[in-house]
């Protein structure tokens, strides 16, 4: 390689703060590893200050291998506080030659650019607390070209590829390099920086370049694989043991190190989404269809390498590849990909925050598998290895057969795919595979869920309906495509259904027809194996048509595919009886029903034969289109016929269906219709209608003939021509003379001919009917305003017969010559070219004929914008109000609809407010006038045409008015306080033993009194056996189960700052020995009010000592 193989190294997000200020400390300090694999950090101080960090590489440059002359881009992301100084170094020599190593700085992008040779490079990031170092390699492949032809045009094509690709000036090497290495969110920014406008075109080209780069990387990665060529067929040595095939001469195997295709490599099991908690390890696993020594793992767009953070492993058979992510943190979550050749698969890593910190103790780290459960990948890989070995044996067997047979040698490349279909292309044709595509004797079936074509229905053991090759059986795509087409065979032939599948063993296989499970018998054979199943239905009949379903089930779930079996047969006979729709002397028309079963094919034609009753021979009518009806016009009047009908399809002819006897009719003419009725008569047209004859003559009516005759004449004239029969039962006769009188008759015609004519209609005049005039327009205006000088136009539409006389009036007087009147058949118009104020008035139109007359009036007001009112004066008659008066407008006398509007402007506001409108006088009083404010008033004159200019008033409120003195009476406070008073006292209670007792009373007082309950002078407020409440002065107490201990005297007291009141009652229990209660207060039951109010009632005195509204009861208990 010469000096032309220089490349550029672009370092992103690097800012230089110092220049080699701490290089002398490079060998002093603490060494530790970074979280990024391959980065070594040297810390200069033992304890870092708070908030300060040593340099570290968040993303280090990845090694690159490119062709000579191409652009290589190294990217690194550096962190550290303070910001570190970044420098680049070579492993072999120094970067001192300015001609070979040119250092540049791009001010527009802030990037530092360095052009260097192929070598190992180190990136140093240094600040005052430490440094970080990482290495990367750049390998440039010399530009050797392997040519398969000597055509000079091919050399030109190869030279063109080395040139810079440009598309209308919108792309160059730097632009495409930036786009290929940038995130999707930065596409728009990069395009704007390079001046690219067509982003859609760029995105399409970018996808092509990404695919091309992936293929180049894959081919480059597999360059060192051992490939051998035998008989111009390429075989990979490391994927098959050549010692196992001793029949192939080793001398004929030629090593080919630069040719290998990995397009057939695919994933049997892809990586799955993984959820881990912070601090745990995550493991991604995948299984390939072909062994590869190494695949590329990527995380969030960057290639991952073995180190402290990531660990990649591969199984011995090179089919199972694993990626272990250690000590997962929030920064590690994202999308991870596995790239095998040009095929890749991706999955999410979700890192959940750890909620339980276990008191700060360190928790043992555990590994979480993708998908949440362990899958036996080794078992799947062994099955794939066996399958791959079988493929290689078939390939080598084909090579051996070619070598021993002495066939012409052709250059060909064998690539082994994941399915059997690709193997069959390089091996001998499979007889069984050919049988499934034979339409005559084999079956093509469609797989679909419950009748849906082209799909399968699967469900796993969890019941979520997801389909996966990990645990649920699945079908090979190509075999499923063959299974998607319906099976169509002829009756008596065999139908074959065959389907390949994959899944964990053991797999239970069941076949169903129309929901019923099939078992081996004389006509049904079922073959089962570990990878496919075959159903043979022998000598199929029409009744076997229906749904064919295969169901696969293992311990992880089930899947099913549905197909359709169609057995073709000849149709059944048409269905009778035949129904005669018309029978006349000229024809017989009848219909029937199509076959119940068409045999799987539509009816093409019907084959007709006719036999006349009394004869032994049949007449072949021939084939008619597949419509189940026939009209026979070759019949003799009065003869009887029988018909034989067969249905014809692509599969054959049905059995015959014979009709009953059908007789052709005799000559039977229709009877006379009813006399025509006149619907409407005009001077140029007469409308008629009639009814069908009651006797049609046994056949349908073909049409009618209408005739007319003038009054006083004996000659009937046909209105319509004979070849133009009237199909409907109405007709408009236009060949009439105005003023003449006519009568009409009608004749019906059937298949036998014309029948008897009807009786004549009544005579009718050909003239317009008499009609009272009426106005037809609903949009006529009753009031019109016109600006003086403009034209006045009034149009009136009407209907009248005969033609009426039209007269226009103004204020009940005929209009003057200034007014132009235009009349037509159905309208009249009044026009005043230039209007004046004197033209105002009420205009009326009078429409009159022999039948009657009609009148319509419109008021026309010719006016102009009004003139403003006269001077405005203000006067205060009542304090707080202003009376506004003004001189009338000059137009007031000429316009009775003129009125006035008054507006007010307050000095505290900026807008005018309308205080009065539609005033027909010259005076208005404005209220709510505030002292100390200035007011302005405007008066406008308004009419139907518009509004005048305003008339301004003088300013009101400049002088301070004398104030009014209002004597407000002093307020006297009302004292609402009062001592407690029982407005509803307690009542005596007698309750059965074991029942509940409810006591209540009502008390008032302000402030609210405090309530206390007593039994035999003992407080009950703290006793939980009694439920006590006080709601808005209503005091209550509930005893749930009354017993002997509850008997006694109950007292309630109410007390506030103004006094105290109490109320007493007695509770007795029924069924217990009555106890005499001796009242200590001289033997009477009493209620007293202490302080302010008191009264007592003795047995001998019935007068209250003080007036009160207290209600009470007295109960004496005998001693």
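Cβ atoms are placed via backbone N, Cα and C, with glycine included.
Regional average pLDDT for the domain 'Ig-like' (55-139) in the model is 71. The domain 'Ig-like' annotation in TrEMBL covers 55-139 (among others).
Per TrEMBL, domain 'Ig-like' is recorded for 257-340 (among others).
Feature annotation from TrEMBL assigns region 'Disordered' to 401-426 (among others).
As annotated by TrEMBL, compositional bias 'Basic and acidic residues' applies to 401-412.
The region 'Disordered' annotation in TrEMBL covers 440-465 (among others).
The domain 'Fibronectin type-III' annotation in TrEMBL covers 573-669 (among others). DSSP labels the residues of the domain 'Fibronectin type-III' (573-669) in these numbers: 0 helix, 50 strand, 47 coil.
Under the heading domain 'Fibronectin type-III', TrEMBL lists 672-769 (among others).
Here TrEMBL flags 773-863 (among others) as domain 'Ig-like'.
Residues annotated as domain 'Fibronectin type-III' in TrEMBL: 868-961 (among others). Within the domain 'Fibronectin type-III' (868-961), the DSSP-based counts of helix, strand and coil residues read 0 helix, 40 strand, 54 coil.
Secondary structure of the domain 'Ig-like' (980-1068) per DSSP, as helix, strand and coil residue counts: 3 helix, 58 strand, 28 coil. According to TrEMBL, the domain 'Ig-like' annotation covers 980-1068 (among others).
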List the helix, strand and coil residue totals of the domain 'Ig-like' (257-340) as derived from DSSP.
3 helix, 39 strand, 42 coil
Take the domain 'Ig-like' (773-863) and count its residues per DSSP category (helix H/G/I, strand E/B, coil), listing them in that order.
3 helix, 55 strand, 33 coil
